[in-house]
Every structure is written in C-alpha cells, then in structure tokens.
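Colleague: So that we are looking at the same thing, I have put the structure below in structure tokens.
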Amino acid sequence: MQKSGVNRNPSLKVAIPQAQQSLRRLGFCSQIATGGSQQSSPIVFPEKRNKKVKASSRRGEVTNDPQVKPKPDEHRIDIGGGDEKSDLLGSLVYAGKLVLDKRKSASGKDATEIQQPAATDISIKKAVDAKLTSSALVWGSDMLQLNDVVSVTYNVGLRHFTVHAYPIGKGSCGLSCFTKPKRSRKDFRFVAPTVEEAVQWVASFGDQQCFINCLPHPLVAKKQASSELFSVPIDTPPELVFRCKSAPKMLVILNPRSGHGRSIKVFHNVVEPIFKLAGIKMEVVKTTKAGHARELASTVDINLCSDGIICVGGDGIINEVLNGLLTRSNPKEGVSIPIGIVPAGSDNSLVWTVLGVRDPISAALSIVKGGLTATDVFAVEWIHTGIIHFGMTVSYYGFVSDVLELSEKYQKRFGPLRYFVAGFLKFMCLPKYSYEVEYLPAQKEDAEGKIRLEKEAVDMQDLYTDVMRRSSREGFPRASSLSSIDSIMTPSVGELDTCSSTHASTEPSEYVRGIDPKMKRLSSGRRDVTAEPEVIHPQAQSTTPNWPRTRSKSRMDKGWMGLTSVQDPPTRCSWGNTGGQDREDISSTVSDPGPIWDAGPKWDTEPSAWDVENSIELPGPPEDIETGLRKQSITPIFEDKWVSRKGHFLGIMVCNHACRTVQSSQVVAPNSEHDDGTMDMLLVHGCGRLRLLRFFILLQTGRHLSLPYVECVKVKSVKIKAGKNTHDSCGIDGELFALHGEVISTMLPEQCRLIGNAPGRHS
C-alpha cells in the first residue's frame with residue numbers, strides 16, 4: 001500500500017517542504033525507537049499523506065491565480081512593485097519589453113543589417129520585463145544605476161539604442177577583499193519590439209537628465225542610393241527634439257605638475273572620454289607658471305565657459321581659480337560661473353569633503369550629471385596692506401604652515417611624500433609659536449535648529465516712536481532715503497566694481513568687519529545729521545602709529561572716498577555679498593573701538609533741526625558710552641562678544657568644512673559644514689614635541705578634539721597676529737603667504753558654486 005501510494009504520486013516528495021519532511025522523519029523514527037506496534041504505521045501514513053495531498057491541492061489552487069504567484073516556503077523581497085512605500089528604486093518612469101544584445105558593436109556591418117539587427121532577436125531571445133525608474137534601469141534580474149549612466153546613443157529609425165555607463169566593477173573572488181572596486185566603461189545595447197517603443201525609452205532617459213546623442217539613420221550617414229532613402233526616416237522624432245540638450249561649454253584648466261605629473265594622463269585617458277560621451281565642448285589650457293590659473297579666471301570671456309570652469313589638479317589650482325573669479329571687473333560674473341573639480345593632485349580635501357568624490361571617474365560623472373552645490377568662502381585680509389585673499393578649505397598658522405613652506409624644497413624629489421619629510425624635519429627642530437587671537441563666536445542654535453539671536457540693547461519700538469515724534473515736527477525724510485537704504489542692502493553693479501581708498505587703512509574693510517544689519521539701519525538714518533569734522537580718539541594699540549588719528553573730512557566725504565577710489569582688484573575690494581554681511585556682527589573690539597564710517601552720501605546738504613544730543617549714534621569709544629543712559633540703551637555693545645586668546649600655540653587652523661584627508665578617518669573639523677555660514681577654529685595650546693605628537697596620532701582616528709589642550713570654536717570672524725620671534729607665515733588652501741602684521745578672516749556665505757550634488761551630511 002505504501003509503495004503503491006508513493007508511485008502513484010511521485011510529485012508529493014517534491015511538494016513537501018523540507019522542514020515538514022524532517023519532522024515526519026523524526027516522528028517515524030520516534031515510533032520505531034519507542035517500540036510501537038507495526039499496525040500503527042500503516043494507519044498513520046495514509047492520514048498524513050491525504051492531508052498533505054489536500055494541502056498541496058489547495059496550494060495549487062492559490063498559485064493558479066494570475067495576480068498572486070507566491071512560491072511555497074520562499075521569502076520574497078519586492079523592490080520594484082507591490083507596496084509603493086517599500087519601493088527602493090524611486091518612481092516609475094517607463095516600463096516595457098527589452099532584449100539585451102550582447103553581440104559586439106556592429107559598426108563594421110552593413111547598414112541594412114543594422115537596420116534590421118537579427119529579425120529573429122525578439123523571437124529567439126526571450127524579451128524580459130524592463131522598467132526605468134528615477135534611480136535605476138531594471139531588466140530581468142539585472143540593474144543599472146542612473147548615476148552611472150553618462151549618455152544614450154540612438155540612431156533615427158532603428159529599434160535599438162545604446163546606454164553608455166561607468167558602473168562599479170566587481171573584483172575577483174580572491175582579491176575583492178584587498179582591492180578597491182573600480183569603475184570601467186560598459187555599453188549596453190538594448191533592442192525594443194518597435195521603433196516607437198525605442199523612441200519612448202530614449203525619451204525617458206532624457207527626462208532623467210541623461211545626455212541624448214541622437215544620430216541620423218545609418219543609410220543617411222553613409223549616403224546610400226537615393227532609391228533606398230525614400231523609406232528611411234530622416235527627421236528626428238519630436239519626442240527627442242526637446243530632450244536633446246545643447247552641448248555645455250566649459251573651460252578646463254589643467255595643472256601639469258599636480259600629482260607628480262600624473263594629472264595629464266588622468267585627464268586625457270580617463271576624464272576626457274567621459275566628457276566627450278556627454279557632449280561637452282571643452283577648451284583645455286595647461287598652466288605654465290604660478291598664478292596662471294588666476295589670470296585665466298579673471299580675464300576669460302564668459303561665453304567660452306558659460307557652464308563652468310573645470311580644475312584638474314589639487315586644492316592649489318582651485319584656490320587660484322576662485323581668487324581669479326572673485327576679482328573680476330564684474331564680480332557678479334565671477335560668482336555666476338561654477339567650478340568643477342577633478343582630483344588629480346596630492347591634496348584634494350575640498351572635493352573629498354563637500355562632494356564625497358575621491359577618484360577622477362566619479363568626479364567626471366558628477367560634473368556630467370550636473371547640479372550645483374553652494375559653498376561658503378572665507379576672506380583673509382592683511383590689515384596693514386589691505387590685500388585680500390579668498391579660500392574655501394582652511395587657513396593655518398604655526399607648525400603646519402612651516403611644514404608647507406619647507407615642503408616646497410622637496411617637491412621635485414619626493415613628490416607627495418614631501419609633506420612627511422618636511423614634517424619630520426620640522427618636528428625634530430620644533431620652535432615655539434606665540435600668537436594673539438581674537439575671535440567673534442558664532443550664534444548658537446536652539447533645539448529647533450533656528451539661530452537664537454542674542455538680546456541686544458536696542459529697542460526698535462522706542463526707536464520707531466522717537467523717529468515718528470521728530471518727523472511730525474520736522475517732516476518725513478525725502479523718498480530718496482528709501483533708495484539709499486535699498487542701495488546698501490543690494491549694491492548696484494557700479495558699487496560692486498569700486499574699491500577702497502588708495503591709502504591702506506588700519507581698519508578692515510566693510511564686509512570683512514561684518515557689519516550688522518541693524519547697524520546699517522542706524523547709520524542710514526543718521527545721514528540727515530549735519531556734516532561735522534570728526535576726531536577719532538587714540539587707541540591703546542595702534543597698528544600704524546605714523547598715521548594721525550584725526551580726520552577733518554565729513555562722513556559724507558569719507559563714505560564717497562571709499563566708494564569712488566579705484567585700486568587693484570586684490571586690494572581692499574569693497575565687493576561682498578550683502579547677505580553675508582547681514583548675518584554677521586560688527587567686529588569692533590575693546591582694543592580697536594573706532595567708529596563705523598557711513599558708506600554713502602548724505603540726503604541733504606542743509607543743516608537739519610534734529611537735536612544733536614538725542615541723535616542716533618553709532619558705537620564709539622568707551623568714554624562716549626558712559627556719557628548718558630539713553631545713549632547706552634540704544635547702542636549695541638559688540639565689544640563684549642569678542643574673545644581674546646594670547647600665548648603659545650602649536651598650531652591654529654580655521655576650517656571652512658570638515659577637511660577630510662586622504663584617509664577617510666582623518667577629519668580635522670568633524671562638526672564643520674561647507675554651507676553653515678561659520679568657521680571652525682582649532683587652537684592647539686602649548687608647545688613641545690610630545691603634545692604635537694599626541695595631536696597627530698589622535699588625528700589619524702578623529703579623536704584629537706578629546707585632548708585637553710585642543711580647543712574647537714565656531715566663529716564668524718578671527719583676528720590673528722604673530723608674536724615676537726615667531727616665524728610669521730600662513731597657508732591658505734595649500735598656498736603659502738607671509739604673515740606681516742595682523743590678519744582678519746571673515747566668512748562670506750555661499751559665494752561659490754561647485755558642479756555636482758553634495759551627498760548627505762557626514763556624521
């Protein structure tokens with residue numbers, strides 16, 4: 001009976017799940033082990049088999065449903081359909097049938113054969129379900145990320161199209177644990193059932209910001225006989241006309257010395273083919289001297305690089321291009337030109353940190369995909385000379401700047417290892433560094449993530465009541481005052497092109513000092529006061545004692561002199577983002593409490609009847625603040641916000657972002673972001689080799705901030721002055737400068753745009 005039952009239903013053995021079979025075997029063995037009677041086994045087996053047959057029949061009925069086809073005892077993970085909330089591939093763009101043609105390129109075949117590529121392809125090769133989502137192309141069990149796709153090539157009138165991509169290749173089984181995955185070019189040739197479906201597929205790729213290279217029919221390209229051209233489509237399908245984007249124009253500035261001379265090979269062998277696939281029109285210029293990239297960026301015709309400037313090299317060439325763009329005759333043009341980065345140097349901290357790109361192929365793909373990432377810029381101004389230099393990564397003083405200076409001697413001999421050699425030599429003969437540091441702390445954020453404004457002494461309601469009381473007696477100001485206030489908040493092109501006085505002042509420029517928006521309103525309202533000679537009180541610390549501290553010019557003359565004087569672009573340029581000024585506080589200190597000069601003309605030249613003793617006054621010396629309670633109540637006290645540090649420092653680093661190094665674990669400023677409007681200042685207090693060695697050892701693992709002598713502060717402006725017997729040098733984004741006197745670093749929010757989309761915030 002048992003044998004006949006098994007023979008009649010041979011499929012039962014396959015239908016029974018493995019888990020249930022093991023349970024039945026255990027039950028059968030337990031019966032034999034317990035010495036059960038033989039008459040129990042023929043009674044038990046038919047009942048269990050009948051139940052299993054019924055269960056299998058029910059399962060067969062369920063699987064016959066065309067909508068639900070679950071397999072028994074199988075875990076399913078639906079990543080493309082079903083529940084929309086569990087869709088991991090984004091929204092659906094287009095779906096249909098496709099066949100992957102794995103044959104080699106048919107470029108050498110006859111055009112007629114290309115026109116009908118193996119008419120039996122669809123019948124012989126089974127077409128699979130394919131769909132294009134906002135994140136990937138899925139066909140069968142294969143998937144291709146859209147971030148890896150460069151372009152799509154399509155010949156008019158054909159059923160096939162080619163997808164050009166650079167996916168991450170899988171290493172061999174034995175070496176995959178030791179080698180990093182690399183990207184390589186792969187061309188996927190798909191065949192659609194009809195020409196119309198092929199056009200729809202290509203148009204869908206165009207909707208996902210993929211470059212469409214639409215070519216004419218092969219017969220038209222080869223100029224076949226006119227009799228054959230009557231049946232050949234010539235015009236581009238209307239679905240693809242608007243998807244075919246115009247070729248972007250970019251200027252490529254290549255530093256042939258970057259990366260120990262390998263930047264040329266990286267560009268021509270790796271990056272240039274990707275740009276050509278994407279249809280980018282390039283003009284490649286190789287730098288020949290220091291500062292060549294800055295000259296190109298400051299004088300290049302904007303029509304030649306309307307879509308951006310690509311920098312191939314390290315952080316040094318990027319810094320030159322940035323300073324060239326921001327010192328153009330029209331600064332608005334400089335801000336509008338984005339910068340693309342291809343890492344090919346020994347240090348590329350900017351692109352590693354902001355865009356999360358570490359290899360040239362990924363950098364080229366991010367440039368091809370487009371997108372813009374706004375980045376803050378900091379300005380370093382030399383107070384004595386008025387020279388301004390911009391940066392986007394970090395400015396450093398002390399041991400690191402000395403290592404940078406010493407490494408220039410070993411650049412040709414050691415290449416990227418020159419920093420290690422110079423650091424070791426400088427470590428063995430470590431000097432003592434002393435600095436005077438004053439910084440303006442950034443405003444803290446509350447629990448809701450909004451900036452919490454500090455309580456100020458100005459009561460705007462009382463100020464409004466006071467102004468209305470005087471206006472009822474003297475009349476409202478003229479309508480031109482509104483335009484004057486608006487001109488301060490949004491400077492015109494003419495104002496942007498102007499620079500400051502030819503004589504270098506001891507005070508920082510307006511946007512470097514970070515004037516507060518309320519102070520601008522107060523100064524704008526004070527312009528109706530009669531022009532009077534002003535006397536600046538002598539200060540405790542005068543940076544230039546040879547210059548007299550008395551000025552007989554009126555506020556009007558002083559303001560216009562700063563706006564109309566013309567000087568070289570790099571020196572005391574008054575250009576700056578007003579949005580960045582509005583977010584910053586005034587940077588006057590106790591040691592330098594001079595008044596704020598009005599930067600605009602007076603509204604009236606005739607005397608006004610306003611009470612001079614009750615006029616709205618700007619912050620003045622401490623003697624003026626103590627003269628009356630009313631003046632003290634309406635004058636913001638910004639001197640108390642500045643914090644001073646003086647003593648020995650092994651190093652001072654002012655970071656604009658996290659500043660990741662070659663090793664991903666090395667993060668100089670973990671809490672800094674490229675677009676938060678603040679800078680992170682690291683102070684390494686003290687002196688001695690042991691402290692310096694501990695700092696660099698813990699820097700390898702990102703635990704250097706736990707040291708008791710390391711201080712990290714978020715700041716908006718920093719003043720640094722080297723002490724006596726201290727080697728006065730500083731580095732800005734890998735460029736070395738001499739530190740003569742005091743310098744001030746100030747943040748300019750979102751004054752540069754990088755080509756590419758930034759990933760999520762780094763933890």
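Cβ from N, Cα, C; glycine included.
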Colleague: Given that Swiss-Prot annotates N255, P256, R257, T287, G345, S346, D347, R418, D733, G734, E735 as ATP-binding, name the residue from E320, E381, E438, E711 that shares the site.
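Modeller: Answer, per Swiss-Prot (ATP site with N255, P256, R257, T287, G345, S346, D347, R418, D733, G734, E735), from E320, E381, E438, E711: E320.
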Colleague: Among the residue ranges 561-603, 604-646, I'd like the one that Swiss-Prot describes as region 'Disordered'.
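Modeller: Result: 561-603 is the stretch Swiss-Prot calls region 'Disordered'.
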Colleague: Listed binding-site residues are N255, R418, G734; which of them have CA atoms within 10 A of the CA of D315 (substrate binding site)?
Modeller: G734
Colleague: Please count the residues of the domain 'DAGKc' (245-384) that DSSP assigns to helix (H, G, I), strand (E, B) and coil.
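Modeller: Its residues fall into 65 helix, 33 strand, 42 coil.
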Colleague: Tell me which of the binding-site residues G313, G314, G316, G734 sits in the most Cβ-dense spot, judged by other Cβ atoms within 10 Å.
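Modeller: Answer returned by the neighbour count: G313.
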Colleague: What Cα-Cα separation, expressed in whole Å, is found between R418 (ATP binding site) and G313 (substrate binding site)?
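Modeller: Pair distance, Cα basis, whole Å: 17 Å.
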Colleague: Between the Cα atoms of G313 (substrate binding site) and G734 (ATP binding site), what distance do you get, rounded to the nearest Å?
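Modeller: Approximately 12 Å lies between the Cα of G313 (substrate binding site) and that of G734 (ATP binding site).
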Colleague: Given the substrate site residues G313, G314, D315, G316, which other residues of that chain have a Cβ within 8 Å of the mean position of their Cβ atoms, reported in sequence order?
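Modeller: Near the substrate site, beyond G313, G314, D315, G316, sit N255, S258, C311, I317, I318, N319, G345, S346, D347, N348, D733, G734.
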Colleague: Looking only at R257, R418, which of these binding-site residues has the biggest number of Cβ atoms within 10 Å around its Cβ?
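Modeller: The largest 10 Å Cβ neighbour count belongs to R418.
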Colleague: If I take the alpha carbons of G314 (substrate binding site) and S346 (ATP binding site), what is the distance between them in whole Å?
Modeller: 6
Colleague: Spatially, and counting Cα to Cα, which of the binding-site residues is closest to G316 (substrate binding site)? Options: N255, R257, S346, G734.
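Modeller: Checking each of N255, R257, S346, G734 against G316 (substrate binding site), the shortest Cα distance is to G734.
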Colleague: Return one of helix, strand or coil for G734 (ATP binding site), based on DSSP.
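Modeller: Going by the DSSP assignment, G734 (ATP binding site) belongs to neither helix nor strand, so it counts as coil.
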